[in-house]
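Working notes, structure below.
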Amino acid sequence: MDYSYLNSYDSCVAAMEASAYGDFGACSQPGGFQYSPLRPAFPAAGPPCPALGSSNCALGALRDHQPAPYSAVPYKFFPEPSGLHEKRKQRRIRTTFTSAQLKELERVFAETHYPDIYTREELALKIDLTEARVQVWFQNRRAKFRKQERAASAKGAAGATGAKKGEARCSSEDDDSKESTCSPTPDSTASLPPPPAPSLASPRLSPSPLPAALGSGPGPQPLKGALWAGVAGGGGGGPGTGAAELLKAWQPAEPGPGPFSGVLSSFHRKPGPALKTNLF
């Protein structure tokens with residue numbers, strides 16, 4: 001086998017030591033150097049490797065080679081979201097109104113709820129505010145006014161409903177009391193005494209309807225005679241005995257079917273004395 005290429009490598013190293021790394025101008029060509037991970041295999045047989053000189057020294061090129069610096073990577077890979085930044089910029093500071101400004105604003109609001117642009121500009125100059133601030137204040141004030149109106153109307157409706165319910169309750173209680181006083185309840189009807197039934201003995205004590213009921217005829221004459229006979233017969237004993245005899249004459253000895261049965265029975269029992277003692 002031919003090992004002549006080993007001798008050429010030794011001669012190349014000797015030449016490098018002789019030059020003492022003095023001149024790398026011819027060998028330093030970093031632009032033309034390219035690294036390839038796939039190294040070709042050594043040929044089994046081929047022409048001998050030429051002698052390495054200062055012009056084509058690969059080792060000097062490796063020593064002198066410096067990798068190109070990496071391009072500067074930006075610190076922020078993604079741009080900052082502009083929406084959040086703009087929102088922070090658009091956020092306004094709350095305006096604090098003084099008492100004098102509020103007084104002037106309320107005065108204009110009492111005059112009109114919707115002032116025009118000229119009125120707003122004049123008011124803004126007067127109270128040292130911007131026209132936009134004045135416009136926003138009027139918008140908020142109108143919203144507050146509408147809210148107060150709705151609350152007041154709801155409260156009034158609730159009060160009217162409560163008053164109507166109270167009136168209806170009072171009227172129902174009055175109706176109940178009237179019904180309780182006018183119409184008797186079953187308990188009250190049970191406690192009341194029953195009306196007196198017409199008694200059959202009442203016509204016996206009243207002598208006035210007897211002559212009219214008996215009619216014309218000889219009947220009333222014996223009746224009068226019997227009455228006077230009873231009175232005359234009891235005259236000697238006193239007024240009490242005469243009244244007792246009179247009541248006995250009126251009362252029937254036996255119950256009869258009619259109201260005048262007692263009178264008729266007494267008339268039939270005492271016909272003689274009645275005729276004898278007739279004063280008329």
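Each Cβ is built from the backbone N, Cα and C atoms, and glycine gets one as well.
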Region 'Disordered' per Swiss-Prot - which of 92-112, 260-280: 260-280
Beyond the flanks of the compositional bias 'Low complexity' (153-163) by 6 or more, those residues with Cβ under 8 Å of it: none
Per-residue pLDDT averaged over the DNA-binding region (90-149), given as an integer: 93
DSSP helix/strand/coil residue counts for the DNA-binding region (90-149): 44 helix, 0 strand, 16 coil
Number of helical, extended and coil residues in the compositional bias 'Low complexity' (153-163), per DSSP: 11 helix, 0 strand, 0 coil
